[in-house]
Amino acid sequence: MTAHRAKRATVETFELGEGPLWDARSGVLRWVDITAGAVLAGTLEADGTIRPTERAEFGETVGAVTLAEDGGLVVVGARRLWSVSADGRRFGGTTLFADDVPARTNDAAVGPDGSLLVGTHALDDDPGPQCLLRVSAGTVTVLDDDLLLSNGLAFSPDGGTLYSIDTLARTVWARDYDPATGATGPRRVHLTTEGMPDGATVDADGGLWIAFWGAAEVRRFAPDGRRTDTVAVPAPNASSVCFAGPGLDTLVITSARQGLSTAELAAHPASGALFTARVGRRGLPEPHYRTA
């Protein structure tokens, strides 16, 4: 197994940094601070540092930000989608679930067919049941309704497999996915893990990179499930991961301050920062959400 070490990339820290993605259209990294309700962007420098340049507040929790085919963004709000035009104007979009559902959105990803996959997270101490939703042209379909905590979502390089993570079940599910239509097959267990798997991405070789909450590391698994790489992160709560940069060859890792005591934060002052590592792999271009 190959070991790597991530280095701190931002001076700034975030309460619950999540959902990093590379926006090749503008050459910036985008991510969210879920509990702060903020969508952020920054430049990735040649030395691996990240310089935040934009921050947009939404007044509600924000589960993820994704790219839209019209040149704008789709922001996954607490219970609905926001469309953000290329010039920054905001428009309320699809409602994902009713106000009386005790949940918020969590991780999200765009599929090869242009649909949006969104998971949910309980608002209280009762962990389930939570859902995995598919949004296509404004229509919401429930893929799973028996999860404990829906989290990382990623697709194989050919778009034919959807990986979905249930953090509290410590399980990575896989299901067949039609990259043209978004039709899905029954789910199957791909991995059961030690520790709590969080956000994920797939590299060009089909390896699945997963951030592990509470473990201070990211792990790579080959398509056959073998663990091949580990990235040490100087923050206990690694939360998500993506490949970024013009060559998609820099691994970016988000982390959180949330869930750590005062003593733990003092021991791990980089908690909540973003980190980068060179791991000898390249990522895949980010798909764009089709609004119609």
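A Cβ is built for glycine as well, from the same backbone N, Cα and C atoms used for every other residue.
Binding of divalent metal cation is attributed by TrEMBL to ASN151, ASP198, and within the candidate set GLU12, GLU15, GLU18 the record adds GLU18 to that site. Sequence-distant contacts of GLU18 (divalent metal cation binding site), defined as residues of its own chain at least six apart whose C-beta falls under 8 angstroms from its C-beta, comprise TRP31, VAL32, ASP33, ILE34, GLY63, ALA64, ASP107, GLY199, SER239, SER240, THR254, ALA256. Sequence-distant neighbours of ASP124 (substrate binding site) (same chain, six or more apart, CB under 8 Å from its CB) are PRO102, listed in sequence order. Using a 10 Å radius centred on the Cβ of ASP198 (divalent metal cation binding site) and all shown protein chains, the other Cβ atoms total 28.
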